[in-house]
Amino acid sequence: MSAMLETPELPAVFDGVKLAAVAAVLYVIVRCLNLKSPTAPPELIYQDSALAQELHLTILLPSYLTMPDGATATFDLFEPQSEHCIGEDVTMVICPGIANHSEKQYIRTFVDYAQKNGYRCAVLNHLGALPNIELTSPRMFTYGCTWEFGAMVNYIKKTYPQTQLVVVGFSLGGNIVCKYLGESQANQERVLCCVSVCQGYSALRAQETFMQWDQCRRFYNFLMADNMKKIILSHRQVLFGDNMKKPQSLSDADLSKLYTATSLMQIDDNVMRKFHGYSSLKEYYEEESCLHYLHRIYVPLLLVNAADDPLVHESLLSIPKALSEKRENVMHVLPLHGGHLGFFEGSVLFPEPLTWMDKLVVQYANAICQWEKTKSHCSDTEQAVSGQE
């Protein structure tokens with residue numbers, strides 16, 4: 001009898017559980033997307049200099065480049081759709097995020113906006129990232145390898161001898177472009193400025209935080225690792241097949257470990273570091289991070305991060321902050337919100353495709369171009385006056 005009396009109450013219990021589940025999901029969405037968080041101007045850290053005061057701010061066929069080791073690098077070239085604000089030839093050389101390429105939506109949106117502002121754009125396709133391009137060498141893109149990006153930049157310099165360059169990197173691409181510029185002073189020739197968006201600066205420091213559940217970082221780590229596994233496995237015949245050119249340390253045992261990997265660090269340790277012969281994960285992360293190259297960059301450098309980036313822990317932000325406090329050519333921009341390459345504007349459900357990030361990069365590049373043109377004009381005037389005397 002008591003059981004019969006309790007039966008009618010079960011639906012109410014189930015409804016309560018469903019309601020609690022929905023509430024929990026909504027709470028996670030609100031917290032993850034910062035829908036109720038107050039906004040504020042981004043934090044700006046820079047040296048008080050003349051440059052800082054001034055800053056107050058038709059796609060072609062893919063190009064193929066053969067690398068010395070037989071790898072085939074590809075990039076896409078987009079011509080400007082209008083005249084540049086200073087009337088000069090300026091090319092943005094762009095390095096996308098991990099496993100990304102020119103067909104990614106955030107890249108296409110940014111390129112379209114840059115084209116409309118008079119920039120030619122060259123976008124690197126990370127080695128192995130395009131599904132329709134086969135590897136021609138037993139090597140993929142890695143965290144800090146600058147070979148393909150450097151080859152693309154050299155091609156642009158040779159093909160367009162009058163063009164000046166704006167270097168742009170997103171996420172992992174930010175590490176690559178900063179490392180590339182810092183590797184050699186010659187790499188900074190004809191470079192007007194560099195912009196890095198949402199990178200972590202030191203993989204060695206980041207690996208400790210990447211396994212934490214704070215801001216769902218461990219979950220993002222798993223998803224990116226799963227994507228990397230799929231890309232690597234799509235090229236497993238070249239990478240793990242019977243190939244005389246493959247790294248001797250890359251074995252079938254590494255392929256087995258790849259199948260069970262649940263984090264990027266495991267993949268980097270078992271596969272990626274071996275493309276370049278690193279003996280340990282620590283050595284790989286230490287040598288391939290741009291941290292040790294940032295102080296060798298002398299062109300204007302804009303480092304952009306978001307305080308709520310789920311991938312870049314707040315402890316890593318001390319790196320760009322310290323650099324911007326010491327060097328006049330460096331500016332660090334840190335808005336409260338933006339996530340990882342988000343920075344969306346507009347309504348919550350229907351954000352605008354053009355983001356705050358897209359506008360910031362182009363506006364910064366425009367300001368630098370104007371600054372350089374003003375300096376050049378002043379220099380010419382001084383020389384003319386000196387000649388008359």
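Just so you know, glycine gets a Cβ as well, placed from its N, Cα and C.
Here TrEMBL flags 91-346 as domain 'AB hydrolase-1'. Per TrEMBL, the feature active site, charge relay system maps to Ser171, Asp309, His340.
Residues within less than 8 Å, Cβ to Cβ, of Asp309 (active site, charge relay system) and separated from it by at least 6 positions along the same chain comprise Cys198, Gly338, Gly339, His340. Residue with the densest Cβ environment among the active-site residues Ser171, His340: Ser171, by other Cβ atoms within 10 Å. Averaged over the domain 'AB hydrolase-1' (91-346), the predicted model reaches a pLDDT of 95.
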